[in-house]
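Q: Okay, handing you the structure first.
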Amino acid sequence: MKKFTTVSDVENLQEIIKKALQIKANSLTETEKGKGKTIGLVFLNSSLRTRLSSQIAAQNLGLNVLTLNAAQEAWNLEFADGAVMNGDTVEHIKDAIEVLNQYCDLIAVRCFAGMKSKEDDVNESILSQFEEHAKVPVISLESATRHPLQSLADCITITENWNKDRKPKVVLTWAPHIKPIAHAVGNSFAEWMQKMDVELVITNPEGYDLDKNFTKDVKVIHDQEEALKDADFIYVKNWSSFDDYAAMPEVKEDWMLTNEKLEKTNNAKVMHCLPVRRNVELSDEVMDGGNSIIYQQAKNRIFSAQAIFSEILDDLNDPCQGF
Ligand code: CP
């Protein structure tokens, strides 16, 4: 694998899930694979799970890990091409990436949507600069439109929790929030689930449909109760409007997931990428109840990252590279 920013970088999803589950069974079988190599984990936005799970995964592979909390610790970055930098910005992203090239064998980056310009976000204005200027493999730790390491962890978690010989019904449900949230997790989950052997349904209020480029022909139902019927898995996530970019159209119905709603499903397992706003997106009783597999999902972030880093190291360690 040469880079990892989208599901299309994965040649065989079932194989990578299998590999991640083998790593979960014994995570220390490749402790020499990354020896002498360095991964840079660059965070332009906050993180708990992605930062820590990526560090654990990299350490399990023997990689040196450099973590840069760029928003807090680095110089104020300029992203605009041709900018006259006579204001608050101190270092251009192009120069920062060129320097990272000198220090790192792999560069992983978190760069959320700015939620100000739809065009910039849809075109991945920051990730695309890493892809353009990095001379080493680039890994997304969540970008403007996708969160692929999260989605792989979600696929691993569903696989672990399903042993029936029929397709599970997986419902991605919108949940309330207090501020406009980006589309990356919802987009990505929709994209990856279409590669899995599941029946995917998306439910959200009118005005909150995700970008069709990600949802394609997936059924979208605007009535949450109808969508949740017979669900085997419910993925809870908020996102703001895509059409009226970053707006929060009024929603009259109560979309928070509660035990009462769970009772009408097929005893569905509940998922959320975290962090979650308790008693806004889902209730305490759901979060702390027996149907939640949310912490298992968070643990699987380690094995998702380790499987991907391992694949990329295979490519870097391939003696045929460069011939
Ligand atoms: N789910 C997830 O990416 O968590 P963090 O934002 O804490 O990394």
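Backbone N, Cα and C define each Cβ position, glycine as well.
TrEMBL: automatically predicted annotations, no manual curation.
Straight out of TrEMBL:
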| type | residues | note |
| --- | --- | --- |
| BINDING | Ser47, Leu48, Arg49, Thr50, Trp75, Arg110, His147, Pro148, Leu149, Gln150, Cys273, Leu274, Arg301 | carbamoyl phosphate binding site |
| BINDING | Glu142, His177, Lys237, Arg277 | N(2)-succinyl-L-ornithine binding site |
| DOMAIN | 3-160 | domain 'Aspartate/ornithine carbamoyltransferase carbamoyl-P binding' |
| DOMAIN | 185-310 | domain 'Aspartate/ornithine carbamoyltransferase Asp/Orn-binding' |
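Help me see these features in their spatial surroundings.
A: Under the DSSP three-state reduction, Ser47 (carbamoyl phosphate binding site) is assigned to coil, being neither helix nor strand.
Taken residue by residue with DSSP, Lys237 (N(2)-succinyl-L-ornithine binding site) is part of a strand. A C-beta separation below 8 Å, combined with a sequence spacing of at least six in one chain, links Lys237 (N(2)-succinyl-L-ornithine binding site) to Leu172, Thr173, Trp174, Ala175, Val185, Gly186, Phe189, His272, Cys273, Glu281.
Here the domain 'Aspartate/ornithine carbamoyltransferase carbamoyl-P binding' (3-160) returns a mean pLDDT of 98 for the predicted model.
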Q: I need the CA-to-CA distance for Glu142 (N(2)-succinyl-L-ornithine binding site) versus Leu149 (carbamoyl phosphate binding site), whole Å please.
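A: On Cα coordinates alone, these residues lie 8 Å apart.
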Q: Take the domain 'Aspartate/ornithine carbamoyltransferase Asp/Orn-binding' (185-310) and count its residues per DSSP category (helix H/G/I, strand E/B, coil), listing them in that order.
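A: Breakdown, helix to coil: 43 helix, 20 strand, 63 coil.
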Q: At the level of the C-alpha atoms, what whole-angstrom distance separates Arg49 (carbamoyl phosphate binding site) and His177 (N(2)-succinyl-L-ornithine binding site)?
A: 20
Q: Would you mind listing, in sequence order, the residues at least six apart from Ser47 (carbamoyl phosphate binding site) in the same chain with a Cβ closer than 8 Å to its Cβ?
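A: Listed in sequence order, they are Arg110, Leu141, Glu142.
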Q: With the Cβ atom as the reference point and anything under 6 Å counting, tell me which of the binding-site residues (Ser47, Trp75, Arg277) are near ligand 1.
A: Ser47
